[in-house]
Amino acid sequence: MQILMAEYAGFCEGVERAYRIALEQTKTHKQIFMLGNLVHNTQVVRKFEELGARIVKAVSEIPQGTDGIIIISAHGVSPLVYDEINKKGLELVDTTCPWVKNAQKLSKNLAEKGIQVIVVGDKNHPEVKGIVAWSGGRALVVEEPEDLASIKLAGKVGVIAQTTQSEANFDKVVEELKEKTKDIIIHKTICGATSKRQKAAIDIAKKVDLMLVIGDLKSANTNRLTELCKKTGAETHQIQTALELDGKWLAGKAKIGITAGASTPDWVIDEVIKNLGNQENLLLHNCN
């Protein structure tokens, strides 16, 4: 059995940065609060909880006067949250991904110029909610081209992407928008790591009998990798850990492809490969 590992898989630079910064804070021996999950990966969240971090859904959950550190996740937050943290007197550690920060700034700047902001992404994702908030709540969220049918546009339009958005979907939305208005500014804020992972996953999926996508079910970028791999026609399964690997999937498979979401840690990927390694005649190839 031959395993082909995607050239780009696992932690992206933004997640690696957030993880490293947060890990350093656990060495301070101060009370650590994480505003939401640092990244969308249960194993990473569990690790920080084991190190003493407390996950909170809102700043209001932390009592006034608490001496502690609050960590903003890689997905970013609204400007109002920064005000809340300041009023609480908490020490702020901001791990917002630089790509997300850029999208937030664009949202704010476009809205301040009176331009209608459209964010292509998942309306329920914390990153998208934050980007909308930076526009003063005036941005519209479009998940797919069909959503534009019910939207009336007047004046100039500025388009921004959720950083983990699929390029194909973003391009389709933009094409539809061009049919509705010619006065449009396009900011393709999809991060480079996302694009590379998607292209590498598709390339591998076309060469194998079975494709395994490793990552949390709450991870938008991982779910997108799964969708893209399935579209190639390859048998594709998304698993969160090695425990979910089903031996029946491997029967009669000569080539197995592996990729992983940008929030999937190396130790989870290694465990899956180790599990596969229990099969006979394993040969691992890094496709780069």
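Yeah, the Cβs are placed from backbone N, Cα and C, and that goes for glycine too.
Annotation source TrEMBL lists [4Fe-4S] cluster binding site at C12, C97, C191. A sphere of 10 angstroms centred on the C-beta of C97 ([4Fe-4S] cluster binding site) encloses 25 other C-beta atoms.
Residues near H75 (dimethylallyl diphosphate binding site) in space but far in sequence (CB under 8 A, at least 6 apart, same chain), listed by position: G36, V39, T96, C97, V100, H125, P126, E127, G130. Annotation source TrEMBL lists dimethylallyl diphosphate binding site at H40, H75, H125, S219, N221, S263.
Secondary structure at H75 (dimethylallyl diphosphate binding site), as computed by DSSP, is coil. The isopentenyl diphosphate binding site annotation in TrEMBL covers H40, H75, H125, S219, N221, S263.
Around H125 (dimethylallyl diphosphate binding site), a 10 Å sphere centred on its CB holds 20 further CB atoms from the protein chains shown. What TrEMBL records for H40, H75, H125, T163, S219, N221, S263 is (2E)-4-hydroxy-3-methylbut-2-enyl diphosphate binding site.
The number of other Cβ atoms within 10 Å of the Cβ belonging to E127 (active site, proton donor), over all protein chains shown, comes to 27. The active site, proton donor annotation in TrEMBL covers E127.
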Cα distance (Å, whole number) from S263 (dimethylallyl diphosphate binding site) to C191 ([4Fe-4S] cluster binding site): 14
C12, C97, C191 excluded, remaining Cβ within 8 Å of their centroid ([4Fe-4S] cluster): E13, G14, V15, A74, P98, W99, V100, T163, T164, G192, A193, T194, A262
Additional residues around dimethylallyl diphosphate, ordered along the sequence, whose Cβ is within 8 Å of the centroid of H40, H75, H125, S219, N221, S263: V39, N41, E127, T164, D216, K218, A220, T222, G261, A262
C-beta crowding around S263 (dimethylallyl diphosphate binding site), within 10 angstroms: 29
Recorded dimethylallyl diphosphate binding residues, H40, H75, H125, S219, N221, S263 - maximal Cα separation rounded to whole Å: 15
H40, T163, S219, N221, S263 screened against C12 ([4Fe-4S] cluster binding site), Cα within 10 Å - retained binding-site residues: S263
